[in-house]
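Scroll down for the structure; my scribbles are underneath it.
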Amino acid sequence: MRRLRRLVHLVLLCPFSKGLQGRLPGLRVKYVLLVWLGIFVGSWMVYVHYSSYSELCRGHVCQVVICDQYQKGIISGSVCQDLCELQKVEWRTCLSSAPGQQVYSGLWQDKEVTIKCGIEEALNSKAWPDAVPRRELVLFDKPTRGTSIKEFREMTLSFLKANLGDLPSLPALVDQILLMADFNKDSRVSLAEAKSVWALLQRNEFLLLLSLQEKEHASRLLGYCGDLYLTESIPHGSWHGAVLLPALRPLLPSVLHRALQQWFGPAWPWRAKIAIGLLEFVEELFHGSYGTFYMCETTLANVGYTATYDFKMADLQQVAPEATVRRFLQGRHCEQSSDCIYGRDCRAPCDKLMRQCKGDLIQPNLAKVCELLRDYLLPGAPADLYEELGKQLRTCTTLSGLASQVEAHHSLVLSHLKTLLWREISNTNYS
């Protein structure tokens, strides 16, 4: 007990000499209060972190909900047996940034995977005591029993037209969806298979994964069970994903984000290679087989890359089809342009006479990406390249006008940027 008292005395009073303590007894009390205040603040931060973590990371809830519906025969999929019966899907690190969209790293069939599952309804257990039944009724309500395969095909085609636009390539995409639904290859689509695929199509990212499956820079879809799905893992996600826990990411200012990126990010030539991949991804989104797509949250959080520094889009949640963005914005009431926003940064002009948003976006994908690349590429750039690179990125960020009307200029600027970066790294080991 005496040793404990001595230790406390040393910790709390050591900074002051005995003479100073005698002359200034008030300082002793202030110092003790300061120490206890530090302990309180630290404890509060730990509590907030873990309460946020428990809210963000609820993969166990997701698995319980999905497996409950699988065992009832409501849903099916290529991963269901391994997930719910054989326990061969291993959940590892929580990567979620929002409670309603659960994201985990994992292992399946000896492959590193990313597990994604939405649990919006299941999280509302206080407001909805019957959360699981409500989820199956709302999310897995279509198609209904008795729907023919022809009706399901037409239903799927109509859904794709509404979300991607009326494109000649859509019937081929419907065939691909029906082929995926028949995961057990018995040449028929059961009601459970149809319900699962229909629920998956309601997930924006899943629809994007299907549309961009042939593209080099989107993650490959590996399997699903109900509306839970697995994609190939991106070995190196965004820089702050590796450095920070999800609950702390929104708390840091952008200046500190950039500083951390410099400290923990790859060397400049590797960053140049990743940037080239990001520019190629912008090309892939522009007038592809299934229309044009807009990036509506352009941040370093979405910049992922493989072990060989090839760019992979880490998150497609904020990439939206042109038809979806137009439908949301066109005719929407507005007083100013700031009222016409889809996602975080897809902005349309406001017709102040009609007080309605227009459907065309003001800033194209490339301008937003170049703004991002200024912070990503200019720090640490070779001295002989710095001025020209800065000039081209400034030109690129000033691309304006309606996103649908800048095609020629867009392509020219993008080509110049890619050429400049490739020229710098093409004759080195970094290429």
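From the backbone N, Cα and C atoms, a Cβ is placed for every residue, glycine too.
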The residue that Swiss-Prot pairs with CYS117 in a disulfide, chosen from CYS14, CYS57, CYS62, CYS67, is CYS62
Among CYS14, CYS57, CYS67, Swiss-Prot lists the disulphide partner of CYS94 as CYS57
DSSP says CYS57 (disulfide bond), in three-state terms, is coil
Cβ density check for CYS62 (disulfide bond), other Cβ within 10 Å (all protein chains) comes to 24
Within 10 angstroms of the C-beta of CYS94 (disulfide bond), the count of other C-beta atoms across all shown chains comes to 17
The rounded CA-CA distance in Å from CYS62 (disulfide bond) to CYS94 (disulfide bond) is 13
